[in-house]
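The block underneath contains the structure these notes are about, expressed in structure tokens.
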Amino acid sequence: MAFKGMLKDEDIAAALQHCAAADSFNHKEFFAKVGLAGKSTEDLKKAFYFVDQDKSGFIEEDELKLFLQNFSASARALTDAETKAFLADGDKDGDGMIGVDGEDYSFLEFGNVISSLRNLS
């Protein structure tokens, strides 16, 4: 898969198992469990471009729905509720997309916020 060499296979498997049931996906928990939390800005940008399937520079709702399949082809699609929650947290300017970086919010924030939270524990 696209994350080979960036993330540990066992972390990916554990993170996917944790959210295998419908409506159990929490993007912040997933980022922490899969090992994206604390990654460098460059690694987070690489992760963004893996998820940005149409290479538009933005992650749209249809790409988020298939987010888990970027980690394993056999992973389930996110439910509509999970997808909308994920998008709502990343789309602070209300344009229906998540950018790689910018003033309003970015994909990079997912990794950086989780890394900060981890340092507090």
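The backbone N, Cα and C atoms fix where each Cβ goes, glycine too.
Per TrEMBL, these features apply:
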type    : residues                : note
BINDING : D52, D54, S56, F58, E63 : Ca(2+) 1 binding site
BINDING : D91, D93, D95           : Ca(2+) 2 binding site
DOMAIN  : 39-74                   : domain 'EF-hand'
Problem set entry | Site with most surrounding Cβ atoms, counting all protein chains shown within 10 Å, from the binding-site residues D52, D95 | D52
Problem set entry | Sequence-distant neighbours of D54 (Ca(2+) 1 binding site) in its chain (C-beta under 8 A, six or more apart) | E60, E63
Seminar exercise, completed: Sparsest Cβ environment (other Cβ within 10 Å) among binding-site residues E63, D91, D93 belongs to D93
Problem set entry | Packing count at S56 (Ca(2+) 1 binding site) (other Cβ atoms within 10 Å of its Cβ) | 11
Problem set entry | Euclidean distance between Cα atoms of F58 (Ca(2+) 1 binding site) and D95 (Ca(2+) 2 binding site), Å | 10
Seminar exercise, completed: Taking DSSP helix as H, G and I and strand as E and B, the domain 'EF-hand' (39-74) has 20 helix, 3 strand, 13 coil
For this session: Taking only the Cα atoms, work out how far S56 (Ca(2+) 1 binding site) lies from D91 (Ca(2+) 2 binding site), in Å, as a whole number.
Result: 15
